[in-house]
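Everything below concerns the one structure shown next.
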Amino acid sequence: MLFKQQPLLRQKLFVLGSLAIGSLLYLVARVGSLDRLQPLCPIDGRFGPRGQDEIPLRALQFKRGLLHEFRKGNATKEQIRLHNLVQQLPKAIIIGVRKGGTRALLEMLNLHPAVVKASQEIHFFDNDENYAKGIEWYRKKMPFSYPHQITIEKSPAYFITEEVPERIYKMNSSIKLLIIVREPTTRAISDYTQVLEGKERKNKTYYKFEKLAIDPNTCEVNTKYKAVRTSIYTKHLERWLKYFPIEQFHIVDGDRLITEPLPELQLVEKFLNLPPRISQYNLYFNATRGFYCLRFNIVFNKCLAGSKGRIHPEVDTSVITKLRKFFHPFNQKFYQITGRTFNWP
């Protein structure tokens with residue numbers, strides 16, 4: 001009886017041994033593939049000398065969730081100390097332009113593992129009450145980050161507020177400044193559309209765009225209308241150039257960011273001296289929403305709020321023509337100052 005059972009026993013042992021060896025080989029191959037997929041890529045360039053102070057990009061990606069918890073105020077002082085986290089003043093600010101795509105730009109830059117964004121608009125430099133609270137109040141509004149990451153905030157009102165350039169200069173005269181622009185007439189209509197939606201939500205009436213954009217007495221463009229004034233980009237930029245050289249500005253094409261975001265983001269990476277990390281993998285087109293959404297990793301995706309991409313009201317073509325003719329000389333000067341040309345009519 002024993003002799004009959006031995007072949008069966010040997011067969012079982014052979015199967016178990018094969019499974020064990022197969023599992024071991026799989027684990028070795030899996031570890032190797034993970035190392036290939038997630039190489040330890042140190043942050044270089046402006047983030048300090050290579051060596052013991054480096055933070056691998058993989059580590060930064062891994063701890064995004066931890067930073068999120070700290071932003072929500074769920075961390076103790078001891079946890080913050082142990083993880084070497086700090087609240088840093090921004091090394092770059094998206095200063096405008098309203099309805100140019102500032103939120104989309106900020107969220108897309110946050111795909112980079114060396115970038116940490118301030119989630120809310122701080123309105124420190126354009127709000128006298130906030131500015132009076134001092135620079136430490138501003139710092140405490142920044143998210144927790146690792147020392148070699150850069151913090152970025154965005155407040156589009158900065159671009160058009162007269163006091164802001166001098167105030168930012170006093171904080172950091174070498175700061176990087178990002179301006180995202182769209183075709184001026186389209187931007188003005190988008191500005192109007194956002195205000196209109198707010199009025200409708202409160203059951204309030206509002207004038208048509210044509211009545212606001214055109215002075216009824218002169219039949220010329222109404223430069224007192226804020227949506228029109230904001231789109232005169234060169235007028236605002238000239239005020240900033242009294243404090244900062246043009247080399248500290250980077251102009252982002254907001255129209256292209258909608259249709260072809262990656263090249264624009266790669267230009268910003270270069271401007272900020274960031275190692276190139278944002279790829280086509282991080283951006284996917286959502287046909288339902290009609291614009292690109294963000295992919296941080298295999299688990300976490302994100303689309304911008306539903307309020308983005310509002311449908312604009314129809315505007316009289318003669319008004320559009322008049323506005324484009326009005327903006328044209330200002331646009332030409334903007335191209336000349338910035339060294340970047342757009343295909344605006």
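Note: Cβ is positioned from N, Cα and C throughout, glycine not excepted.
As given in TrEMBL:
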ACT_SITE  Lys99  active site, for sulfotransferase activity
BINDING   Lys99, Gly100, Gly101, Thr102, Arg103, Arg182, Ser190, Tyr292, Lys308, Gly309, Arg310, Ile311, His312  3'-phosphoadenylyl sulfate binding site
DISULFID  Cys293-Cys303  disulfide bond
DOMAIN    90-334  domain 'Sulfotransferase'
TRANSMEM  12-29  transmembrane segment
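Neighbours of Ser190 (3'-phosphoadenylyl sulfate binding site) among the recorded positions Lys99, Cys293, Cys303, defined as a Cα within 10 Å of its Cα, are Lys99. On the 0 to 100 pLDDT scale, the domain 'Sulfotransferase' (90-334) averages 94 in this prediction. With respect to Cβ neighbours within 10 Å, the recorded positions Lys99, Arg103 differ, and Arg103 shows the lowest count. Note: the Cα of Cys303 (disulfide bond) and the Cα of Arg310 (3'-phosphoadenylyl sulfate binding site) are spaced 15 Å from each other. It is 11 Å from the Cα atom of Arg310 (3'-phosphoadenylyl sulfate binding site) to that of the residue listed as 'active site, for sulfotransferase activity'. Sequence-distant neighbours of Cys293 (disulfide bond) (same chain, 6+ residues apart, CB-CB distance under 8 A): Leu283, Tyr284, Phe285, Asn286, Asn301, Lys302, Cys303, Leu304.
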